[in-house]
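Record features, source Swiss-Prot:
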ACT_SITE  His316  active site, proton acceptor
BINDING   Arg544, Ser608, Leu610, Asp645, Ala646, Ala647, Asn678  thiamine diphosphate binding site
BINDING   His583, Ser608, His1017  2-oxoglutarate binding site
BINDING   Asp645, Asn678, Ile680  Mg(2+) binding site
BINDING   Thr1035, Arg1051, Lys1087, Ser1090, Arg1144  acetyl-CoA binding site
COMPBIAS  23-36  compositional bias 'Basic and acidic residues'
COMPBIAS  41-52  compositional bias 'Polar residues'
COMPBIAS  53-73  compositional bias 'Low complexity'
COMPBIAS  74-90  compositional bias 'Basic and acidic residues'
REGION    41-89  region 'Linker'
REGION    90-337  region 'Succinyltransferase E2'
REGION    338-1221  region '2-oxoglutarate dehydrogenase E1, C-terminal part'
Amino acid sequence: MSSASTFGQNAWLVDEMFQQFQKDPKSVDKEWRELFEAQGGPNTTPATTEAQPSAPKESAKPAPKAAPAAKAAPRVETKPADKTAPKAKESSVPQQPKLPEPGQTPIRGIFKSIAKNMDISLEIPTATSVRDMPARLMFENRAMVNDQLKRTRGGKISFTHIIGYAMVKAVMAHPDMNNSYDVIDGKPTLIVPEHINLGLAIDLPQKDGSRALVVAAIKETEKMNFSEFLAAYEDIVARSRKGKLTMDDYQGVTVSLTNPGGIGTRHSVPRLTKGQGTIIGVGSMDYPAEFQGASEDRLAELGVGKLVTITSTYDHRVIQGAVSGEFLRTMSRLLTDDSFWDEIFDAMNVPYTPMRWAQDVPNTGVDKNTRVMQLIEAYRSRGHLIADTNPLSWVQPGMPVPDHRDLDIETHNLTIWDLDRTFNVGGFGGKETMTLREVLSRLRAAYTLKVGSEYTHILDRDERTWLQDRLEAGMPKPTQAEQKYILQKLNAAEAFENFLQTKYVGQKRFSLEGAEALIPLMDSAIDTAAGQGLDEVVIGMPHRGRLNVLFNIVGKPLASIFNEFEGQMEQGQIGGSGDVKYHLGSEGQHLQMFGDGEIKVSLTANPSHLEAVNPVMEGIVRAKQDYLDKGVDGKTVVPLLLHGDAAFAGLGIVPETINLAKLRGYDVGGTIHIVVNNQIGFTTTPDSSRSMHYATDYAKAFGCPVFHVNGDDPEAVVWVGQLATEYRRRFGKDVFIDLVCYRLRGHNEADDPSMTQPKMYELITGRETVRAQYTEDLLGRGDLSNEDAEAVVRDFHDQMESVFNEVKEGGKKQAEAQTGITGSQKLPHGLETNISREELLELGQAFANTPEGFNYHPRVAPVAKKRVSSVTEGGIDWAWGELLAFGSLANSGRLVRLAGEDSRRGTFTQRHAVAIDPATAEEFNPLHELAQSKGNNGKFLVYNSALTEYAGMGFEYGYSVGNEDSIVAWEAQFGDFANGAQTIIDEYVSSGEAKWGQTSKLILLLPHGYEGQGPDHSSARIERFLQLCAEGSMTVAQPSTPANHFHLLRRHALSDLKRPLVIFTPKSMLRNKAAASAPEDFTEVTKFQSVINDPNVADAAKVKKVMLVSGKLYYELAKRKEKDGRDDIAIVRIEMLHPIPFNRISEALAGYPNAEEVLFVQDEPANQGPWPFYQEHLPELIPNMPKMRRVSRRAQSSTATGVAKVHQLEEKQLIDEAFEA
């Protein structure tokens, strides 16, 4: 058997291996032994090793013209050199090598086999086609790919990789080039191979210093994309260097590639060996000869690029010259073809569009300088679309790929021939002129690396310029100390999660794994705030990563966290329901790492209702800022709000809260938002969870900058944290950081995400953590020793192990039944809430003391006049009685805040807390001006809110928590609309104290009353609030007079009781003269009355029927009673619905010893209102009371009828039933 036909050019290697086999059979691999034993001779089937072909050699820059040669000097006798003589120049002529000794040497061994193969090759009738191909596009696109590889996975591609892949594609288009010739059974035969097996000609050094050529095969290349081809190519190369090629690697070559251009050869005709039909030779890359003396500037001006000469040597017996010529033309077209380069860029995950082959465009029409400026602006506005921000480097299935053709130079009528030309750039990068290549390099560095920035949508030019300058200046390299600090934070984040995973297997903790860069990011923002001399950072966040943040950012003791895992409650948590560990809050101090700053850090408690914490945290921050009262620039408490990507895009509370940012009653000087974008929501992918391209696209609607940052680049993450904090301080606006990362585990630690995201978790499983990657980077750069890296992790683990053991040794305390919070706070009984007559007059006079030149609106002036007179003459209505409470509290030095939709005027045109001059639009808040005149820091602040209940109520709740000494009231436009804030009511208002020990004195003012306005303007859902009442969690009231409302508000504000107050306020009663109060009700009546007995009972002994009622229905029943002259009926008003004033009710009932019937009369349907709650609890509290019967509308699914006549009929029937004999 001929080794030449099977192994081609590698036949010499077979001979060498066989000689080794003859000397020592064990010295060759098993495959070779089996082959030689089967063949029994040296010409058995060969095997090959291969080394990497060298890349085509680039020519140097054109050399300057050589100086004329000097005339030869006459030979003279040498003398000692003078000390001052100049040193002689060394000759630039290379020293001539010594010629070998003449003689004759027999050729043996390898070279004998090679010579034999060459003789055999002469039997093949070959022909050669030659083609010069433009190489400019290869230079540009190869550089783009290699830049991307340098920033991501490392490595590079060579020209030979590209040409080899183009060769495979061309063979696929011209399969005849893959054929070969052989003689089988004495007959000429055309061989058509099954696959395209590309042979790489590799020059291997031998032990004796000589070199030998082998050809190794990349098999089945037609099935590969470029990335696969590159991997197979590099595998062959790597194994050839290590001598690890197998016999199979040397066999089956169908076409070969050789690259003499690597040593500067421009054109060669390689030999074709038996068994192959084609061999391609690649020459060096150089400018055409006639331009090799031109300067770079001249070459750029002329648009001259380098060429590469490629030859196709083929077996003329099976391949015709036309086919070979077409083959080379196809290769040339591929190397300048858009789709070929698109395929390579896609396979290599290069986010940019490849450079395109194009003819040079003359500088006519629109000036090219203008086009370059347009390109710069395109990158500023859309460069983020191709930024390398996704650590998984993949496109989510179903998500459309954005169009970023604006970033292609071709879009701007620029071509590759413009890259080295100089253009005016208007100060970009601090220069007036640059080459297009320099411009692209700077633009990509600023806008397309690990940070993608969106800021050009911002309307304010100063903001845009500030951001532009910092982004285009680039990210400064951290110092070695800063790098070690970043690594320390990553170590802490990862070690904490690993420790919990090991010690508490299966317990839910919603780990941060995959997003550990959040810890250095938050630390960076807080550290920057500390350096700015600010007072506090308040954090709001969901449950994912919360434990890690509590420990590594807030500084919560490890022992406390471990105790929670052990089920042991801290002392402060005893009583109440408690909550899961990943809902709890805490606070600590942050010491600036590279400075002297120090700042308080607090984490707000939150429920699992995602994003519900947003408005609450903002309210807390605003309260703290108002308490510090540092003026316009005093927003020294920083809100830092964390989100999940799916929640941020999906939940309406997000834009509701962001919308508050620049409103005067809600501005907190900017919030730093971090979206922890792990690219999944539980099991839902982005294509099913948002219609926006980015989860953060809401932010742009509010004119805020967004920074998308790769979570696997901690240095970029830290820089963005600093930049965002600086922007917030400079411009007082919200700023958004989209931290693109992944979730290592499922939604919780017991979940298996591969069930729903198999492809995503193929990429995640086994992936190196960001800490490991960063450690390798620092080790590779020499910035850290391996010992230091290991010591940090070990010390951190030892610290946690020590605390863990202490907790374990402390022993588990036996769980105890929770006692509740009922006994911790009591209603104040002895507190007097009246004011003096002098203060009452002063409050009334405030509406007369208008600023000079101020005029009331014609419809408001009578209201102001009535308020001045009513404090002496009587007839104080509801709105004025309420304002008297707020104004008197502000007078005493308290901060009173009232906010809601239309609260300044009042939904029903009743309040007029702030008057507006119709001519000048000047505002006048009489009670605030009065409080300010006292000089005791009292304030009465009234704000119209945005049209939101959820965010509005949440903000006011947060405000009441952030400043417990303030009096905070949130008013609904109609009480019905409070259900838009049901999450705040359920999760915070009613249960915050029980779950987290978080107290609040928030007041909810909810207009409620059945006046025929329909099902959405009648009921504040009294039954729902009462259902939430337990353990004294809330005070719920429905006062019937302005004075009692006044006393209730003042009692709530002046007492030490810290619980929310829910008041169902009236609508029709606002102008009901029967419901007005006298001045003495504010000055002489000293307390709130939880129950008001019937004042119109002449003889209690005559009373046979007692009606229990609340709200405006009292006045309708009283009117009917008077009309009918019913002295056998007593109407008792329950003013406080919870806690149930059972003693006062019992006393009232006891005052009617002959009563035979107790009616509970209410406007609301039977299944709503106070009745269901009172039916259940009142008999338990008053065991001996007469049987109680309900009188109300029938049970309904809706709250009220929307038909006025039906409403009137229902009300008449209800009252008639109450007064039945």
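Cβ atoms are placed via backbone N, Cα and C, with glycine included.
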Conformational class of Asn678 (thiamine diphosphate binding site) under the three-state DSSP mapping: coil
Cα-Cα distance, maximum over Arg544, Ser608, Leu610, Asp645, Ala646, Ala647, Asn678, record's thiamine diphosphate binders, Å: 18
Among His316, Arg544, His1017, the one of these recorded positions whose Cβ has the fewest neighbouring Cβ atoms within 10 Å: His316
Greatest C-beta neighbour count within 10 angstroms, which of the binding-site residues Arg1051, Lys1087: Arg1051
Rounded inter-Cα distance in Å - Arg544 (thiamine diphosphate binding site), Ile680 (Mg(2+) binding site): 13
His1017 (2-oxoglutarate binding site) and Arg1144 (acetyl-CoA binding site), Cα-Cα, nearest whole angstrom: 32
C-beta crowding around Ala647 (thiamine diphosphate binding site), within 10 angstroms: 21
CB contacts for Asn678 (thiamine diphosphate binding site) [other CB atoms within 10 A, all chains]: 23
His316 (active site, proton acceptor) versus Ser608 (thiamine diphosphate binding site) - Cα distance in angstrom: 77
Ile680 (Mg(2+) binding site) as reference: those binding-site residues from Leu610, Asp645, Ala646, Arg1051, Lys1087 with C-alpha within 10 Å of it: Asp645, Ala646
Other same-chain residues whose Cβ falls within 8 Å of the Cβ centroid of Asp645, Asn678, Ile680, the recorded Mg(2+) site, in sequence order: Gly644, Ala646, Val676, Asn677, Gln679, Gly681, Pro686, Cys741, Tyr742, Arg743
Whole-number Å value for how far Lys1087 (acetyl-CoA binding site) lies from Ala646 (thiamine diphosphate binding site) (Cα to Cα): 51
Of the recorded positions listed as His316, Ala647, Asn678, the one whose CA lies nearest the CA of Thr1035 (acetyl-CoA binding site): Ala647
Under 8 Å by Cβ from Ser1090 (acetyl-CoA binding site), same chain, sequence gap 6 or more: Ile1134, Glu1135, Met1136, Pro1141, Arg1144
Sparsest Cβ surroundings (other CB atoms within 10 Å) among the binding-site residues Ser608, Thr1035: Ser608
Spatial neighbours, same chain, of Leu610 (thiamine diphosphate binding site) - Cβ under 8 Å, 6+ residues apart: Pro542, Gly644, Ala647, Leu651
Tertiary neighbours of Asp645 (thiamine diphosphate binding site) (same chain, Cβ under 8 Å, six or more apart): Val675, Val676, Asn677, Asn678, Gln679, Gly681, Pro686, Ala695, Asp738
Spatial neighbour of His1017 (2-oxoglutarate binding site) that is closest, considering only the recorded positions His316, Arg1051, Lys1087 and their CA atoms: Arg1051
